[in-house]
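K.L.:
According to Swiss-Prot, the protein carries these features:
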BINDING   Y31, H60, R122, Y247, P248, S249, N250  substrate binding site
BINDING   Q57, Q93, V120, Q165, E215, W256  (6S)-5,6,7,8-tetrahydrofolate binding site
SITE      H60  site 'Important for activity'
SITE      Y247  site 'Important for activity'
Amino acid sequence: MSAPTNLEQVLAAGGNTVEMLRNSQIGAYVYPVVAPEFSNWRTEQWAWRNSAVLFDQTHHMVDLYIRGKDALKLLSDTMINSPKGWEPNKAKQYVPVTPYGHVIGDGIIFYLAEEEFVYVGRAPAANWLMYHAQTGGYNVDIVHDDRSPSRPMGKPVQRISWRFQIQGPKAWDVIEKLHGGTLEKLKFFNMAEMNIAGMKIRTLRHGMAGAPGLEIWGPYETQEKARNAILEAGKEFGLIPVGSRAYPSNTLESGWIPSPLPAIYTGDKLKAYREWLPANSYEASGAIGGSFVSSNIEDYYVNPYEIGYGPFVKFDHDFIGRDALEAIDPATQRKKVTLAWNGDDMAKIYASLFDTEADAHYKFFDLPLANYANTNADAVLDAAGNVVGMSMFTGYSYNEKRALSLATIDHEIPVGTELTVLWGEENGGTRKTTVEPHKQMAVRAVVSPVPYSVTARETYEGGWRKAAVTA
C-alpha cells in the first residue's frame, strides 16, 4: 500500500482522528531561530509591562503575498470580517471559517497597496487562502514564504522580510528617538512609515503586550541594521529584546488564543480541501494536547463567538460560512475568559516533582508557557464535575504572579466563579513526545476578565478587546 499523499488519505489510514492527533509525534510547537532568552524570561516579561521590548516575529509565521485584481475579492469571500471601507494602509485580523461556521485559524492581513496584500500568521489560514486562490478562479498571484524550520540544524535561514514589534509603556519614546522626531500615533491597525537608520520602514499601529506600539518590517537583508539601531535607541528607555521562550506568553495577558484546532477534518463540503492539503501539512501532523477527551473531533472545533471573534462577524458581504453563522444565536455560545489558577495547587504540581515516594508526579508545567501541543484542550469542570468549557492556552505571567489560561466556557458562568482545570492527560498520558508518564490534577481556577491585564483592557483600541469579558 502506497504512503498517503494528502490529508484525506492520512485520515483514512489513521483511524480515529482524535487518537491520531492526540498521539502525534511532531513534538512541541517551536518558535524557531530566535534565541530562547536574551536576559531571562522573567525580566523580559517584566519589561513589556514596565519599560519597552523588542519582539522578533521574523521566523515563526507564514507570510503569504497576495497580488492581483481579485485579491480583495479572495479575502472578502473567505473572511467573516467586513471588507467595507478597507483600503491601503489598513490591516485586519483575518478570520476564515468553514462552510459549517467553525474557525480555521486567523492572522493579520496587511493592505499594502492597490491589489497587494500580505497575510502573516499560522499555517491553517494561509493554506485555506492558497487553496481558494488556486481552485476558485481568482485572478491572483501568490508567493508563499513559509515559516523558518523548527530545527534548522545549522543550515542558513532566509525569509523575504524581517518583522519586529516595539512594545511597552516606553515604546513610543524609543520609536520617536529612532524616527528622529514626533511620529503620529495612528489609530489601531493603521499603517504608515518611519525612519530607522536611514531606511524608510513600514509600520502598523499594534500592541500585543497591553500598551501602544508598532509592528515594523523590511527586507530580510536589512534585519541586522534595523535591529542594532532599535537596541541602541532603546538603551536609555530600558528596552530589551525578548526571546522565543517569553514571547508567546504575552498573549496570556492580552487575551488572544493563537491556536484553535483548524476545523477541517470532517464534512463533505471540505473533502476537496482535505484532498488538496499534503500529507505533511500542519493539519496532518499537528498535535492535540490536554485532558479534554472525545472520540468526535468536532467536539474540539470552535466558532468565532466562542473565542472572542464575535465583533468581527459582519453579514454585510457574502462569505464562506455565512449561512452557518447566521443560524447561530451569539448569546447562547460559550465565551472566552481568562482562568486564574490557584497558587497553592500550582505549588502542589511542582512539589510532586520532588516526591521520591510517589508512583507518579503531576504533568510538568513548563514556564512561562506550559502548552505541550499545537492545539491545547484541557477540560474545564464545574463543582459537580460537569465539563463546562475548554482551556486552550496555558502559562505563567511573572507580572501577575499567576498561572493563567485562556479558555472558552459556558456563557452563563460569571466572572468570579471558581472552576477546576483538569491538568494532565488520562491513564498516564498519550504517546506524544512532549508527554512524560504522569498523573492528573484538578487545579482550582477563578473565571477572570479577558484580557487579564488591566492595561490591555483599558488601552487596546481594536476589535474583540473592546468587547472584553469583564463581568
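These residue numbers are counts, starting from 1, taken along the chain as shown.
Yeah, the Cβs are placed from backbone N, Cα and C, and that goes for glycine too.
On this model, are these features tucked inside or out on the surface, and what's nearby?
P.N.:
Residues near Y247 (substrate binding site) in space but far in sequence (CB under 8 A, at least 6 apart, same chain), listed by position: Y31, V34, F55, D56. Mapped onto three states, the DSSP output places Y247 (substrate binding site) in helix.
For the recorded site, Q165 ((6S)-5,6,7,8-tetrahydrofolate binding site), the DSSP three-state label reads strand.
Just so you know, the Cβ of H60 (substrate binding site) picks up 21 other Cβ atoms within 10 Å once every protein chain is counted.
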K.L.:
In whole Å, note down how far the CA of Q165 ((6S)-5,6,7,8-tetrahydrofolate binding site) lies from the CA of H60 (substrate binding site).
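P.N.:
Distance (Cα to Cα, whole Å): 14 Å.
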K.L.:
Pick out which of the binding-site residues Q57, Q93, S249 has the most other Cβ atoms within 10 Å of its own Cβ.
P.N.:
S249
K.L.:
So, in DSSP terms, is W256 ((6S)-5,6,7,8-tetrahydrofolate binding site) helix, strand, or coil?
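P.N.:
In the DSSP reduction, W256 ((6S)-5,6,7,8-tetrahydrofolate binding site) maps to coil.
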K.L.:
Translate the DSSP assignment of V120 ((6S)-5,6,7,8-tetrahydrofolate binding site) into the three-state scheme.
P.N.:
strand
K.L.:
Counting all other Cβ atoms within 10 Å across every protein chain shown, which of the binding-site residues Q165, N250 scores highest?
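P.N.:
Its Cβ has the most other Cβ atoms within 10 Å: N250.
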K.L.:
Can you tell which of the binding-site residues R122, P248, S249, N250 lies nearest to Q93 ((6S)-5,6,7,8-tetrahydrofolate binding site) in space, using Cα positions?
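P.N.:
Nearest candidate: R122.
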